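Asker: Please read through the structure below; I'll follow up with questions.
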Amino acid sequence: MNQAILQLSEIEKAFPGVKALDKASLNVYPGRVMALMGENGAGKSTLMKVLTGIYSRDAGEIVYQGQSAQFKGPRDSQQAGISIIHQELNLIRELTIAENIFLGREITSAFGRIDWPQMYAEADKLLARLKVKHSSKTLLGQLSLGEQQMVEIAKALSFESKVIIMDEPTDALTDTETEALFSVIRELREQGCGIVYISHRLKEIFEICDDITVLRDGKFIGQCEVVQTDEDGLIEMMVGRKLEEQYPRIDVVHGQTCLEVIGLTGSGVHDVSFTLKRGEILGISGLMGAGRTELMKVIYGALPSERGVINLDNRTINPISPQDGLANGIAYISEDRKGDGLVLGLSVKENMSLCALDKLSKGVQIQHQDEVVAVDDFIQLFNIKTPSREQIIGNLSGGNQQKVAIAKGLMTKPKVLILDEPTRGVDVGAKKEIYQLINKFKAEGMSIILVSSEMPEVLGMSDRILVMHEGRITGEFEAKHADQEKLMACAVGKKVSEEAA
């Protein structure tokens with residue numbers, strides 16, 4: 001193996017009440033892809049923020065291209081040849097793709113004016129490399145979340161960096177977009193670029209990475225080549241124990257029909273009908289753009305319905321806003337927890353109780369003691385790792401933020417809980433905890449809708465599965481009669497009946 005182009009040795013970083021990094025180390029080699037693995041809260045993102053100068057380090061050393069380095073901030077590290085593609089996109093919806101890619105370093109003519117034709121041409125070349133079909137003159141806001149992620153990647157490529165850090169780069173990508181990204185990674189690897197690949201998707205690690213570094217509780221656990229381990233060994237390194245069963249589904253006797261949807265049509269949704277019983281988990285599968293999230297938002301009241309009937313406990317409802325949906329007993333946990341679900345500048349307590357203040361109030365007075373008791377109960381029940389209920393939620397790991405988002409929905413004591421991509425960006429240990437919580441609510445008779453892009457998750461946790469394509473339901477299966485091939489056939493628009501299956 002070549003000499004490392006980047007070495008982080010025994011890095012330490014502490015925040016009030018938390019030691020985020022405790023002698024964490026990472027080596028990045030030219031022409032190789034290094035997976036950085038660990039549970040949420042293991043210190044992966046903190047280590048990258050120390051590297052790029054967002055956080056100062058308390059101890060340890062950074063060596064880049066054989067020289068000791070300490071970057072003053074992201075611009076400094078970027079100019080030195082280290083780019084980071086964050087899990088949360090740093091883009092402006094109101095600007096064009098090209099303007100986003102070259103923001104702050106626009107291509108100019110000899111007279112100091114922006115050379116628009118040249119800038120669009122360079123941006124179009126980058127988009128072509130990533131197989132993005134849009135013109136760089138397109139406004140970013142017109143793109144899907146997955147396409148916006150590809151623009152973020154194009155922006156990093158424009159720096160011709162020697163080290164590129166990708167933090168959960170495929171979280172919002174379709175299979176086609178993911179394969180395009182992998183082609184670019186292979187191309188960059190051939191050019192001698194060192195890549196740090198942060199992901200919880202074990203399949204991707206074994207497909208695209210050469211080496212693996214594992215962190216746990218801020219500590220360096222080990223480094224190995226991908227060919228030297230397997231999924232079980234990697235999980236054990238990450239969580240410090242064996243996970244016996246990935247999807248711990250339980251069988252519960254279902255009760256009466258709780259939710260009935262008849263001929264529902266709305267934004268991106270066409271003539272959808274289904275039922276949901278008490279104590280049942282209904283999985284919703286489909287490819288990106290199939291209309292799954294839109295369907296949930298119409299049911300919840302976040303998007304308008306044009307026609308159709310929604311019956312909840314034999315009573316027709318017509319939610320016209322999220323507040324209306326909550327008041328009727330429907331809680332929706334968004335796929336975009338940082339955009340729709342949480343207020344990052346508020347505390348754990350404030351976020352968790354935000355939607356339940358009416359239930360925690362007498363008249364206009366919030367019963368703060370009741371609020372504290374309820375929040376503390378959820379922190380304990382969900383095993384949320386936080387120094388206190390007053391901790392700013394933006395400082396928590398992704399897995400713990402997701403647990404708070406789910407608790408926030410449950411604080412309203414809903415009849416129907418809609419979970420949209422509940423384990424996106426969450427590590428294997430936190431996933432298992434979330435699955436166990438879902439089972440607990442199921443056993444208590446709650447009706448749950450589980451929307452997920454991960455087919456094994458839908459198959460593993462659901463009792464019954466609906467598949468969507470272009471806003472319509474193209475398949476319905478009992479989970480025990482379904483498999484990935486049947487779900488994928490329906491997801492691309494092929495009608496598959498359970499009898500034929």
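All residue numbers here begin at 1 and follow the chain in the order shown.
Glycine residues also receive a Cβ, built from the backbone N, Cα and C atoms like all the rest.
The annotation domain 'ABC transporter 1' is assigned in Swiss-Prot to 6-242 on the grounds of sequence analysis. According to Swiss-Prot, the feature ATP binding site maps to Gly38, Glu39, Asn40, Gly41, Ala42, Gly43, Lys44, Ser45, an assignment based on sequence analysis. Residues or ranges marked as domain 'ABC transporter 2' by Swiss-Prot on the basis of sequence analysis: 253-495.
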Asker: So, three-state DSSP: helix, strand or coil for Lys44 (ATP binding site)?
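Answerer: SS state of Lys44 (ATP binding site) = helix.
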Asker: Hey, what's the Cβ neighbour count for Ser45 (ATP binding site) at 10 Å?
Answerer: 22
Asker: Inside 10 Å of the Cβ of Lys44 (ATP binding site), count up the other Cβ atoms and send me the figure.
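Answerer: If we count other Cβ atoms within 10 Å of Lys44 (ATP binding site), we arrive at 29.
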Asker: Gly38, Gly41, Gly43: which of these binding-site residues has the highest Cβ count within 10 Å of its own Cβ?
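Answerer: That would be Gly38, with the highest Cβ count within 10 Å.
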Asker: Once near-sequence residues are set aside, which residues in the chain of Glu39 (ATP binding site), 6 or more away, have Cβ atoms under 8 Å from its Cβ?
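Answerer: In sequence order, Arg216, Met238, Val239, Gly399, Asp427, Val428, Gly429, Ala430 meet the Cβ cut-off.
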Asker: What are the sequence-distant neighbours of Ala42 (ATP binding site), meaning same chain, six or more residues apart, C-beta distance under 8 angstroms?
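Answerer: Leu215, Arg216, Asp217, Gly218, Met238, Ser397, Asp427 - these are the non-local Cβ neighbours of Ala42 (ATP binding site), listed in sequence order.
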Asker: Restricting attention to the domain 'ABC transporter 2' (253-495), give the mean pLDDT.
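Answerer: Taking every residue of the domain 'ABC transporter 2' (253-495) together, the mean pLDDT is 88.
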